[in-house]
């Protein structure tokens, strides 16, 4: 479910040529010239590397120094792979699955009806598969497809701009993951005995948000505020709702609380924008680092994350659950430490390290909130 992205002030002439080349390509639902497109792209990428020895375009992550582990997780610093299934896995960005999986866990916990038996565990695993590998994988593959112009500038070693996977293969993967996720949503409604297919509707809604986030004409990611909030809601609100609907009933207070937490998700989404400033600026995307500059955007990012959690902690204390509120405040402290240790020093250089060190505490905070609302 949902959904997606090094700073510089100039772009080489070869990258502008590559950008114009991409603008002439076919859109998502048409594929008659895939082989021709793929061949032309590989030639362009090769020409860029040959003609500009001092360009960083194809040398940002040399194959000899890339990490196989990073490749499987789908993060920067990845080794260039030729194994098709490893490339397919890279497109789904497995590193983005855990927040969705944890969202399902939070929803199940908040329902108060989850039991440690084979039936409930099986339903939980199916819901995690729907939220993580299927629909998050769909979102990430779709985003990479529509970001191929930006990646050709920022991360030309990624699978699509490097030519490691063809257009038809990418489109097939998008459809398989989407239909697989929707199918699991329908199955979960049957297993839960729902009269209305609420989980299927959530899956369908999340898929639609993912599509309009990445694809024209709406392309929500063109607006840093709207796009990042949509991503935050998809990563926090939707999987929580699915997990809670699977085992219980969604209530208005839970919907409001998770939408509030999605503001923290907005901050998390901004983290990914710093490495794409060059390409975003070239293609007219108004990400927050482009619109406000790196210094202002990084404070907006950490402010959204921290203030949201502080607000939720205040809500829990006001609701007569002070221990949960204090526990949440305690989990904010290490996040702030890692923000100053890594992210606020250099959001481009330390983005992955910051996310790996700070986000587990955010996830634990979500779980604390879920447990508080289940009583």
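In case you wondered, yes, glycine gets a Cβ from its N, Cα and C as well.
What TrEMBL records for 46-69 is region 'Disordered'.
Here TrEMBL flags 51-69 as compositional bias 'Polar residues'.
Sequence annotations record features per position, and here TrEMBL assigns transmembrane segment to 174-192 (among others). Tertiary proximity for the transmembrane segment (174-192) is limited to same-chain residues at least six positions away from its ends with a CB under 8 Å from its CB atoms, namely 1, 28, 92, 123, 126-127, 129-131, 133-135, 137-138, 141-142, 145, 198-200, 202-204, 207, 242, 245-247.
Feature annotation from TrEMBL assigns transmembrane segment to 198-213 (among others). Residues 1-4, 127, 130, 135, 138-139, 142-143, 178, 181-182, 184-186, 188-189, 192, 219-221, 227, 230-231, 233-234, 238, 241-242, 245-246, 250 of the same chain lie 6 or more positions beyond the ends of the transmembrane segment (198-213) yet place their CB under 8 Å from a CB of it.
Taken from TrEMBL, the feature transmembrane segment applies to 225-242 (among others). Through the fold, the transmembrane segment (225-242) approaches residues 1-4, 96, 99-104, 106-107, 110, 127, 130-131, 139, 185, 188, 199, 202-203, 205-206, 209-210, 213, 250, 254-255, 258-259, 261-270, 273, 287-288, 366, 370 of its own chain, all at least 6 residues removed from its boundaries and within a Cβ separation under 8 Å.
Listed as Cβ neighbours of the transmembrane segment (254-271) (distance under 8 Å, sequence separation of 6 or more from its ends, same chain) are residues 4, 99, 110, 224-225, 227-229, 231-237, 240-241, 244, 287-289, 297, 300-305, 307-309, 311-312, 315, 343, 347, 351, 354-355, 359, 362, 366, 369, 373. Residues or ranges marked as transmembrane segment in TrEMBL: 254-271 (among others).
For the transmembrane segment (323-344), same-chain residues at least 6 beyond its ends with a Cβ under 8 Å from one of its own Cβ atoms are 271, 298-299, 301-302, 305-306, 309-310, 312-317, 350-351, 353-354, 357-358, 361-362, 364-365, 368-369, 371-372. What TrEMBL records for 323-344 (among others) is transmembrane segment.
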